[in-house]
Amino acid sequence: MSEHTRKSFSDLGISPWLIDTLKALAIYEPTDIQEGVIAQILEGRNCIGGAKTGSGKTAAFALPIIEKWSKDPSGIFALILTPTRELAIQIDEQFAALGANLNLKHALIVGGMDMIRQSIDLSKRPHVVVATPGRLADLIRSNGEETIAGLRRIKFLVMDEADRLLSPTFADDLDDCFSVLPASEDRQTLLFTATVTDAIRQLKYQPQKNNKPPLWLYEVETDNISVPSTLQQSYIFVSSQVREAYLVHLLTIPENAKKSAIIFVNRTRTAELIYSILRLLELRVTELHSEMVQRERINSLGRFRAEAAKILVATDVASRGLDIPSVQLVINFDLPRDPDDYIHRVGRTARAGRSGESISIVTERDVDLVHAIEDRVGTKLSEYEHVSENKMLEYIKEVTDAKRQASLEMIDRGFGERRQKRNEKRLMANGISNKLKNSGRKKKAKNTLSTEK
């Protein structure tokens with residue numbers, strides 16, 4: 001069997017001037033996902049691309065979009081939707097880098113930033129808009145036609161991390177976003193994800209309108225997303241009452257004290273609490289979760305990348321897609337409900353052939369989750385042997401005191417009030433939107449009845 005000869009960017013249809021930009025960014029040949037989809041996108045096909053984090057997915061859609069935009073540089077050419085602010089920022093940065101020599105105008109539309117400024121940016125018709133569904137939906141609901149008119153003529157819709165965007169969480173916001181876009185037959189739609197679900201695969205069989213070529217589905221290793229072979233996976237079984245004390249014990253034993261680590265939790269309140277406890281205990285820690293404003297999140301990631309903080313406490317916002325360097329240790333303070341989320345979390349370590357370690361803190365309520373994870377990864381987690389109950393008990397008092405103080409600080413700061421206000425604002429906006437929709441339906445029904453008479 002002959003070895004596969006990798007195609008060049010030129011073979012895929014990328015112009016010399018854009019190849020020169022790639023070389024300036026030290027990108028010399030396409031990755032598997034880029035090789036698999038770029039030519040098909042340039043041919044005008046709708047596309048689903050599946051590849052793991054760090055495989056070059058963003059350039060796989062950014063390059064053909066810029067290539068086609070250069071031949072027709074008008075209006076809002078492409079809308080890229082992604083589930084988190086951090087992913088949106090990274091995509092926006094890649095478009096900025098790839099389009100730097102072309103006067104490509106791009107706008108970032110995400111929460112945590114000035115909404116009026118974003119409305120103005122959108123009304124200026126940038127060539128590429130990178131957005132989270134919630135903030136774009138807010139702008140659509142609260143602004144007039146002048147602001148959103150450019151979205152009605154886009155040539156490309158990209159949904160990055162499509163498996164998450166197509167979950168019920170984003171359904172209402174996506175409905176509002178899609179309501180101002182061209183019909184599917186009048187644009188190219190590109191879906192990219194690290195996990196190609198059966199529901200996404202079924203989209204391949206939907207008939208294409210306006211004589212469009214069949215949808216192109218290309219997967220790289222996504223049917224077997226797996227943990228790295230160099231990863232050591234273990235667990236400690238503890239009472240739920242002493243999880244925080246065991247966590248501090250884990251972080252401070254000689255084997256782990258100097259390691260860079262990400263601690264994953266399931267809720268923003270837990271992330272804030274654990275971060276505050278570790279900060280009060282004078283560990284070099286930072287945090288990342290959706291309750292932080294954008295400036296705080298960027299600063300926090302910067303501290304972790306620069307190793308000013310050795311520990312990052314995070315929700316699953318940090319498990320996929322973010323430009324975070326490989327760490328030496330991943331700790332699951334909370335086990336995820338979905339075993340695939342476990343794989344994405346522990347995939348933050350043992351990258352590029354390096355060794356790494358993951359430790360899951362398991363309580364009496366987590367046994368079924370552990371079994372599901374073991375079935376998914378195809379191996380048993382080993383028991384972590386470097387902690388002891390006697391040593392953990394030495395931390396109980398100071399951890400309990402720190403937890404009490406951290407809880408009081410969160411109450412004093414009104415932690416969670418920002419989300420509550422945002423939800424109230426969104427409910428109000430949805431109420432107005434629904435009234436307008438219902439009004440439109442009644443008017444349409446009335447007109448229909450009038451016609452029938």
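Positions of Cβ are set from backbone N, Cα and C atoms, glycine also.
As the structure is a computational prediction, the values presented were derived from the model and not from experiment.
Given the ranges 7-35, 94-122, 239-267, 297-325, the record in Swiss-Prot names 7-35 as motif 'Q motif'. The Cβ neighbour count for Gly56 (ATP binding site), using a 10 Å radius over every protein chain in view, is 17. It is Thr58 that, of the binding-site residues Ser55, Thr58, has its Cβ surrounded by the most other Cβ atoms within 10 Å. Helix, strand and coil residue tallies for the motif 'DEAD box' (160-163), in that order: 2 helix, 1 strand, 1 coil [DSSP]. Each of the binding-site residues Lys52, Lys57 was scored by the number of other CB atoms within 10 Å of its CB, and the largest score is that of Lys57. Confidence for the motif 'Q motif' (7-35), expressed as mean pLDDT, is 89. Secondary structure by DSSP for the motif 'Q motif' (7-35): 13 helix, 0 strand, 16 coil.
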